[in-house]
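S.K.: In case it helps, Swiss-Prot gives these features for our protein:
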type	residues	note
DISULFID	35-64	disulfide bond
DISULFID	43-68	disulfide bond
DISULFID	51-63	disulfide bond
DISULFID	57-72	disulfide bond
DISULFID	89-118	disulfide bond
DISULFID	96-122	disulfide bond
DISULFID	105-117	disulfide bond
DISULFID	111-126	disulfide bond
DOMAIN	28-76	domain 'WAP 1'
DOMAIN	82-130	domain 'WAP 2'
CARBOHYD	77	N-linked glycosylation site
SIGNAL	1-24	signal peptide
């Protein structure tokens with residue numbers, strides 16, 4: 001039985017992808033908590049994002065959406081039961097092309113006003129609820 005000359009390269013590529021997936025899964029399990037509620041302030045310019053992933057943040061800090069962009073913030077504990085806001089999340093169609101999209105919220109209480117924390121195309125975001 002003959003193997004193609006591409007077979008070793010295929011094995012190398014699959015091995016690299018497997019390691020990358022396992023490493024990402026381990027990292028994902030390490031950062032606990034959720035981003036704190038966003039401050040309701042106005043942004044007066046476009047700030048450069050300070051992070052795009054929790055793993056760019058030191059220690060237990062998480063990469064969170066803040067007033068004018070993203071920054072590393074101390075997480076809040078989400079083990080306490082949280083009141084859900086009324087209404088349901090809108091149905092989102094499509095598929096995210098990002099490997100690890102950033103969640104801008106984890107629970108409804110992290111969203112201002114009547115907004116709810118809903119699954120969007122890429123990660124969770126605060127959205128206006130749909131009236132039932």
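Glycine too: its Cβ is placed from the backbone N, Cα and C atoms.
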S.K.: How many other Cβ atoms sit within 10 Å of the Cβ of residue 122 (disulfide bond)?
M.R.: 17
S.K.: How many Å lie between the Cα of residue 43 (disulfide bond) and the Cα of residue 64 (disulfide bond)?
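M.R.: Rounded to the nearest whole number, the Cα-Cα distance is 16 Å.
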S.K.: If you draw a 10 Å sphere on the Cβ of residue 117 (disulfide bond), how many other Cβ atoms land inside?
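M.R.: If we count other Cβ atoms within 10 Å of residue 117 (disulfide bond), we arrive at 23.
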S.K.: Using CB atoms and a 10 A radius, I'd like the single residue among the disulfide-bonded residues 64, 105, 118, 126 with the highest neighbour count.
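M.R.: Buried the deepest by this measure is 64.
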S.K.: Would you mind giving the whole-number mean pLDDT across the domain 'WAP 2' (82-130)?
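M.R.: Here the predicted model's pLDDT, averaged over the domain 'WAP 2' (82-130), is 87.
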S.K.: Compute the C-alpha separation of residue 35 (disulfide bond) from residue 51 (disulfide bond), stating it in Å without decimals.
M.R.: 13
S.K.: When you rank 57, 72, 89, 96, 117 by Cα distance to residue 126 (disulfide bond), which of the disulfide-bonded residues ends up on top as the closest?
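M.R.: Result: the closest of the disulfide-bonded residues to residue 126 (disulfide bond) is 117.
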S.K.: At 10 angstroms around each C-beta, which of the disulfide-bonded residues 43, 51, 68, 96, 111 has the fewest other C-beta atoms nearby?
M.R.: 43
S.K.: Could you check which of the disulfide-bonded residues 57, 64, 96 is the closest Cα neighbour of residue 89 (disulfide bond)?
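M.R.: Comparing Cα positions, the candidate nearest residue 89 (disulfide bond) turns out to be 96.
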S.K.: Below 8 Å Cβ to Cβ and six or more residues apart, same chain only. Which residues does that give for the residue listed as 'N-linked glycosylation site'?
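M.R.: Spatial neighbours, sequence-distant, of the residue listed as 'N-linked glycosylation site': 33.
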